[in-house]
Structures are given as C-alpha cells and as structure tokens.
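Below is one structure, written out as structure tokens; the observations come after it.
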Amino acid sequence: MKFTLSWLRDHLDTDAPLDRILAALNTIGLEVEGVEDRAAALAPFRIAYVVEAVQHPNADRLRALKVDIGDGTIRSVVCGAPNARTGMKAVAALPGSFVPGTGITLKAGEIRGVKSEAMLLSSREMGLGDDHSGIVDLPEDAPVGASYAEWAGMGDPVIEISVTPNRGDALAIRGVARDLAAAGVGTLKPWNPEPVAPAYPTPLEWAIDDPRACIQVLGRAVRGVTNGPSPQWMQDRLTAIGLRPINALVDVTNFFTFDLGRPLHVFDVAKVRGKTLTMRLGREGDEYLALNGKTYRPTPEDIVIADEAGVESLAAIVGGETTGCDAATREVFIECALFDPVRIALTGRRHQVHSDARARNERGLDPAAQRAMLEAATRMVMDLCGGEASTLSEAGAEPAWRREATLRFERIAGLGGSSIAPAKAVASLEALGFGVTARDDASVTVSVPSWRNDVASSRSAYRAGGTELAQEPGLDPARAAAAAEGADAVEAECDLLEEVLRLEGLDAIPSVSLPVASPLPLPALTPRQSRAALARRLLAARGLAEAVTYGFTARATAALFGEVPEALRVENPIAADLDQMRPTPVATLLLAAGRNAARGQADVSLFEIGASYAAPSPEGQLATAAGVRTGRTPRHPLEPSRPVDALDAKGDALAVLLALGVAPAALTVTTDAPGFYHPGRSGVLRSGPKLPLARFGELHPRVLSALGIDGPAVAFEVLLDSIPEPKRRRKAAPDLPAFQPVRRDLAFLVDATVPADNLLRAARGAERALVTEVSLFDRYAGDRLPEGKVSLALEVVLQPRERTLTDAEIEAVIAKVVAAVTKATGATLRG
Amino acid sequence: MADDLDTLRADIEAALAGAADLRALDAVRVAALGKSGQVTGLLKGLGALPPEERRARGAEVNVLKGEVERALETRRATLEAAALDARLAAERLDVSLPPRAAAPAGPEAGSIHPISRTMEELIALFGAMGFAVAEGPDIEGDWHNFSALNIPEHHPARQDHDTFYLTAPEGGRRPVLRTHTSPVQIRTMLAQEPPIRVIVPGRTWRADHDATHSPMFHQVEGLVIGRGIHMGHLKGTLVDFLRAFFGIADLPVRFRASYFPFTEPSMEVDIGWSRRTGELGQGGDWLEILGSGMVHPKVLANAGIDPRAWQGFAFGMGIERITMLKHGIPDLRPFYEADLRWLRHYATSPLSPFTLHDAA
C-alpha cells in the first residue's frame, strides 16, 4: 500500500524524520517496500533569476549569463540553451551538486574564456522527463533562491509498505498512523466525525434478502450535488499513490478506501430502478457490466446488490457501470456495508478480481465504525459537491465482535524469549487500543479493539482473519481433543504476545543458541538419504556433471518415455511445454543434452538424482539416479575416441548398485527395458530374477529423432527406492588361503545369441569349492569363425585350500567347468 | 463410384497389403501413380470424355487418387517402422557383457551441482546442531500444503502462492505441486513424537517465471518442537547458521515482525550487505533472506500436538537464493539449464564433500 508522508501526517502528529518513520515501519511489521522521494535528488537545485543574457564573446552558439540564486552573489554562467534570456526564472545547480539526468557531479569551469560558476538545468537534466529543448522556464512569481523541488510540490515522499494478510487495519493510512503512534513515533490525531443532520427522507431503502448476503449495511443519499473533478489536493494524493482521479464522488470512495481502510460505493440515485437496493446471493441468469469494463455472471455463492432491474454489482468486489456516478449525477446514494469476509474472499477468487475493496473486505473492516464512516463520507461529499443529506437507511446489525484475550506475563519470556516487563507490555497493548479489563501479577486480560480482526479472531462473530482447526482425521480422538483445547487456550495469547514483541522490535530479543539435544549429534541422514548422497558423488566421480532439471515437461515429450496419465497433467501450466510430470529424469536430461549440442557441445555426460513420477501419491514418486551420455568419449593420443555405448550406461548403473551394497552375485540382466531404449541394446539389472533395480541402454532412435538429437546417446536409471537396505551385521572373517591360486584361460565357441553371462554363471557353478573367480577377458566375432558364432574367452581361477593341486586334479576341475559350460550354453571349447 | 474404379482400388489395396518391403511398396506406387500408372492413366483419359461426364468422372478419379496416396503413406510408415525394428533387432548387443573397468572420464570431468552442494552444507551445519533430514513428496494434497498449515481455502495468503494444480481425480480434490517444504512439518509431526528437530531440503513449485522466479526451485524448511523452545532459540539458531554458512563471523542479522499463517509470532530475517557491490556483511543495506516464527498453535493441534505442552519454531529459506548470495551467482535461470559451461564454472568437485572440519 502506498501513501505520502503528508497524508500520514493527517493522522499522525510527529516531528520524526522520514528515516525514523521508515525504520519504525520495518520494525513493527509494516515492511517498507520502497520510498519515492523525488525531492531528495533535486534538493541542491535552487530557483534562479537570469539578470542578464548576452552573446558569448568567443562562441556563436553559447550565451554568457549573469545569474542570481538569492545568496547575494551574482554568478557568471555559460549556457547553450536557445531559450536562455534576460529576466527569466530558471533552475540552477552549483558546483559540487550531482545532476541526475547526466550522471555527473558539476564542477566550476571556464568555457572559451568566460567563467561558468553554475549550471541552468533542463527537465531531462533533473531526471524529470525527456524535455531537453531548453532550460526550464519558470513562471515570473517563482521565488528566487527557494528549493525548486519544494516549490514544485515534490517534497512529499511516497512510501510503499507491504501489508501482511492479517493486517486489514493497516490497509488504512490511519491504521498505519495508529501503529506508528503505538511504537512511539508521534501521537495519533483524534478522529470524531460530526454527524450530518438529515434534510429529507432517504430515496432508497436497503433490504437483506438472505442473512448470508450481508451482515450490516447503511446508506444515505445527498441531493443537489455537483460532481465535477475533485479538488487539486485530493487529485494530487490519489495520483501520488497510483490512482487515477475520476470525479469527486468516485474519488471520495477511493480516498476513504486508503485513508480509513473503508471501501464505500456510490450509486447515482436517478439510475437506480425502484426504491429498494437488495443484498442477496446470485441467481441463475444474473449478469452485469462492471466499472472495470468486464461482464460478470455471479454464482449462487456470490453476494450481489440488485435493484428492480437486476444485479448492480458484485458486493464489496467491483461496482456496476449502470448505476455509477458521472458528471450528470445530481443525487448520490452512499453505501457502507459489512459482509462475510470469507464469502468475499471466495467470490474474489472465483471471478479473479483483485480490487482494493476486495483486499480490505476479505481481511476485515472495522465492524464498529459503520456509522462514523458513513457520517464522515457524507460530510466529505457535501464539502466537495454541495447538496443536502437524507436520513439513513439501514439493514442488518453490527456483528458480535467484542471479545477479550489474556496474556500470562510468563509467556513473554517463555515463548517470546524476551525480557519486556509486564508494565511495558500492558502499555503497548493499551497504545494499540486494547482496553485492560483485569490485571494481576501474573496476567492481563484485555478487550480487543474493533479494528483488530486478527487478534483472538476465533472468538469474533465477524469471521475476518479467523481460521478453522483442520485436524488430521486419523488422530486418536482423545489426543485430537486435547490438542484442539490447547490451541483454543493459547491462540489469543500468542496474538497478544506478537503485538507486545513487535512494538518493542524483535531485534531486542536476545539470541540464544539451541541447546544440544545430545552430546554428539545423531546422524542427520537416514541410510536411504545417505545412499542418494553416495550415488551423487559416485556418478560425478565417473565424469558425469550433476544437473537439476524441471520435474515437468511437455506432454508430448513425456509420452516418448512412458505413460502420461491424466492424473499427472498440470492443470494450469505456466508454459505449454511444462504441462506433464516427467515419467523419468531421462526425459529432461536428454532435452538438456540437446540444448548443449545446440551450443556446440555434443559430447555430454549428465546425471540427476531426482524423481520419476508414476502416480500422484507419495508412493508414485520414485527417487531415481538417472544419467545420459551422448556423443563420443574424450580424445586421447593413447586411447582412441569412440561413440558412447550401452555398456557405458551399464557401467554407471552397475557402479551405483555395487556402491549401494547390492551383491554382484545376485544381479541378473534381462533385455526388457522400457520402449524408449533401443530394443536390442538395453537391459534391466535385477536383483534375482524379478526385482528391477536399474535400466540402461542406448536410446531408441525414434526418441532421439523426436527430440532432434543426433546419436549416439545412452541412458541409465537406478531405482533408488527399490534397492534393499544392506543389513547391518558383522563381517565374517576374511578368506585368506595359504596356497597360490591357479589361473586357466578357456576359449569357447558359442552361438552369438547366447548371453556371455550364461557362460560365466555355468563356469562359476561347476565346482564351487575350488572355482573362486570367473571373468570374461575376450570376445571375438569375425570371418574366421562360423556364421552366427562368437568366441568368448574366460579366465578361471582355482583356489586350493588344503594343499597344492596336482596337474591331474586341475585338469579334472577344468574338465568339469568345460562340461558345465557346454551343458548350459551349447558352447564348445576351442582347440 | 464406377465399378472399374472400385475394382482398381481393391487391386491396389491388395497389392499394398502384399508389399513386404519398401522396394515392393515403391513398385505398387509406380504401378498406380507413376507416369504410366493406372490411376495416372485414368486422369489422362479424362480429356477424351464428353464434358458432361468429364466432371463427375474427374471427381471420382481424384477421390481414388487421394485414397491411394493415403494408403501408400500408411503402408510406408508401417514398413519403415518394421524395417527399423528389424534393423534394431539385428543390431543386438550382448548386454550381459561386463562393462569396461573404468568410466570414459574420471572425477576431474564430473561435478556436483551448486544446489546439492548447498544442501550438503545445510545438512552438515544443521546436523551439528542436532537436526535430522526429513523428506516429503512433491505432489501433495490440499490439506498438507494448506489447510493443516492454517491456510484455509478462503485465506488471502493462498493468493501469494501461485499454486500449480494437477488434474483432479474423479470426484476428488486437485492435488497440488507443493508450494513450499512446510507440508513436511505436518508429515513429521504426524510421524514422530516431539521433541523434533528436522530440516527439510527439497523441491518446491510455484507458477511464476521471470528473472528471479523459477517454476521449480528448492527450499529448506526447519522445524524444532520441544519444551521451552522460544523465540530467542529461533534467533540464535538462525544467527548461528547464517554466520557459519556465509563464513562471516560478524554477519549482521536483523529480525522484523511479519506474518505467516503457520507461525505466530512471525518474523522475517535480513542480513547485512551492500546493494551496490553485492558483498555480504557490510555496506549498510539489508537483504531479506528467510521467513520464520513460532509454530502456530493451530498447526500443532492440526497434527495432534497439544500446544500447551509443546512449542517450537519453524523457518524456511530459498536454497538457490542463499547459493546465489554465497557464490555471487547473478542469475537464477541457469541453475536448471544444465549448460555444461555453467555447471563446470559453479560446480564443486565430487572428491571434496563438505565437512565441518573444513572451512565452509
């Protein structure tokens, strides 16, 4: 909310300088968003009189001036402005002053032999506009020597504060003044509007059709008004805070909105059909043209104001065009109403109207000030537009807003950590308008002022600021009841404590380090969290750069990578390409790889520890360590570059699994990876035959071409949530045999379709007591072999335990190994 | 349509169905639509017809031509897909082969994202103060994200949240992408008995996108529930953390009264910096850095905790924001771009994890 300093001073009697006011606002929770102090930049500039302007002796385009700035010295000034002339009033800057429009600090100088001891300024040089056709030409009555900014009426800083949603009362300049006064910055000026005597019976009556529609409404007409432009002072104020002056009657309503936080509405009586204005809920077919130029169709949940002809406005949100006041208005009817804040908030959301009236109504108005507000508004209308006032029309009643709250002084230290003395606390509350109703050594009970809807709001019948308890339904009933009772007991006290603390300033609370919970801290991470951290380090150590990409992407892109359930579609995406939760981070990582390729970086290795989304539930969010590699491996003189391949991705996935404690012996590979992988060059790493732990492979060419990526590209996904937590048990004693192991290399000829892993498994299983290790060290496929066959070479390690093996024993074991491999895979030993 | 056209169409369709590969398909195309194809011939023959017949016949032949063209295209797509599948099947790789012993590049080429680095630092620093890490889902129900945190449907604070919604299930409420990490406060209080000390680093989402806002970003939440935990502890915790995190022992920290629906009293926290140079710790300006407060009694009660017995504080801050401040990163958007040049510039080595005995 914006206001000017002079406007604030209408309500606040203070000598405090601007800085102190701003500091106080920040301290008490009315955060200063900005201050526009146009006068500050212009402070050094004085109104000057040009005593004489003659041609410069040595320059065609310059003039030599004698200038008086009212300090008794006549200065020589060289000036190039075409409009500089003897006898004019202008604005002068002296050496040392900063000229905002040029960004330079002025120095005295000499131009072609003539001294220049000041500068006369254009509008642009003062930063006040684009006019640079000449120096500013002031009227003859401008006082020489006076501050230009002050003379031009720019000495009134505009302050903008951010008002938190609880503080409806601070959406009024008077409310801000009240808070400042309570914080010790000046005194709040009295405000007691004098009633206006009625001169004729009201031409319109209020009716409340449904108690849900309106709590209380007052209205009053003024006839014989002249609705021209409002006076300059009001236009200046409204303009300063960013409002457009319309006409006097409308300006009065805007003025009240900001000055007193009281939205009003004015009807042109001549345009209202019938004698009754009705507050009711919307009906089927209701429709009206609002003052903002839009047409609204109220729903049965909205409050409308209707005359005989139909809906005139969405109450407390936006008024109607048809009964609005204009220059022809001769009789005006002023509405001052109080609505259910919750209903107003929901209506505003439903119709997406953000108006000053809505902002105040949904936060809550002063429910006790209805009559005073209407009297003040009536008086202002008559002051500005003339005329005479009618009697009051009224419907509904003031809500039961009166309530009390108690603060136990112990809580100031106990919850607030503050050492504010009880007497000081009570004084603060009183300064804010709370009335002490009871006090003893331990506590004070106060009545809550009508404008503070945010304090003890649960106990007010006017629902502003109130929230309902929303307990988890599964709670144990006794526990839930005790907790609810506890909240009811302490909530209002917290409200009071907040008031006491904020007026003193939270900086006054001593900081206390958190006491240790245990002498040494317990582990901060669960084993599951530690594993994600380990996966992150491991993948980065394998040369992948960690990325963080969006969890949503374009629906069409997501569809390339799996199911795109409607339940994971973003209903209100911020951009069309961010409308579906990603089925896997591989999708967004590939997009990132594509962006890098477009920047000339085709060899990309990226990973992300992030979510795959399978369903809109906690279980449907799968923690995934995913990565992509595109392009070729690095070039090196000793190691030729090659395209990345599926085994690179397998290496990444496998490394993560092994690091996270998965036993290699338990892992199997199947070739049924999801459809976005290359069907022949991808696999799923499983624990045992079933549980998938990771997927890897080349990307399907169709996916790559859809994303505009030139291959090769591989990806992997480790399903972190599926990896079982390693059991914590003591390690068995190590196996450290005393005899040297025996190594034998065996080459087999086998069908190319047989997975190499089958041979390894068969060999390992052949003689478990002696065969401790089998590994593949060569794979050959080529012309010298029969069609469809490959040669696979295995190293078999035998570990004797009791004694050294004889050659015959070794041969016997090797024969068993060969037989087992042949039996399992059809492979034959090569000669 | 004339009988001869029906017959021709049936013939062509049969030929298409019989075309087993792209070469056969092309033969069908030439036979039908080529220079001397059957359909082309019919079109050429139109000129010989009397004008009154020509128009009707011409229209029919053109319809046929269109149909044939579409059928050809459909068949071509099918055959191409089949050819690709066959090629891919032929390109089989034995994925049971063991991977190479080493990755194509080592730790010198890899990097840890600055967001992860900051999370690591947060975990180490708060971990030393006895906090554990809690987590929750990105997709939340309305109750966890709003109502349980004392933000009912009608609350003005909801406007500030720019919430993303997912499609509502049949007859149910729309899930939201959590707008803050605060729902994990609720999850934690429901899952464990006080005393509680947790931080919640995680992804958050808001429908806002410009130079200083990203639709997805990260927050860290803190929650402490105990007996006798008061605002002095909240201030002490934050001052201790901020000074350690930024490595400035006398970093000025300012506390301002504020409002959040889920805390009372609430406060915003500023740190001292220079607006002109961006340097932290001096310069006389203030920079808002986080929001905090004592947990609102209704929030405790919503999670079944009696606020007469337990009290505590909560705070939340933007991880990107403190990362940008600490490292002088000027722009938010590159955090999510995965531009390798940016990642290499701001990332940290995987071999130097943050530890408390190193400097922050």
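Using the three backbone atoms N, Cα and C, a Cβ is placed for every residue, glycine included.
Site annotation (TrEMBL, ligand Mg(2+)) includes A:Asp495, A:Glu498, A:Glu499; from A:Asp454, A:Asp476, A:Asp488, A:Asp507, the additional listed residue is A:Asp454. When the C-beta distance to chain B is held to under 8 angstroms, the binding-site residues A:Asp495, A:Glu498, A:Glu499 reduce to A:Asp495, A:Glu498, listed in sequence order.
The DSSP breakdown of the domain 'FDX-ACB' (A:737-830) into helical (H, G, I), extended (E, B) and coil residues amounts to 30 helix, 32 strand, 32 coil. Shown for the domain 'TRNA-binding' (A:39-149): DSSP residue counts in helix, strand and coil, namely 6 helix, 41 strand, 64 coil. Candidate binding-site residues: A:Asp454, A:Asp495, A:Glu498, A:Glu499. Fewest other C-beta atoms within 10 angstroms, A:Asp495. Residue counts for the domain 'B5' (A:400-511) under DSSP, split into helix (H, G, I), strand (E, B) and coil, are 49 helix, 15 strand, 48 coil. Within the model, the domain 'TRNA-binding' (A:39-149) shows a mean pLDDT value of 87, rounded to a whole number.
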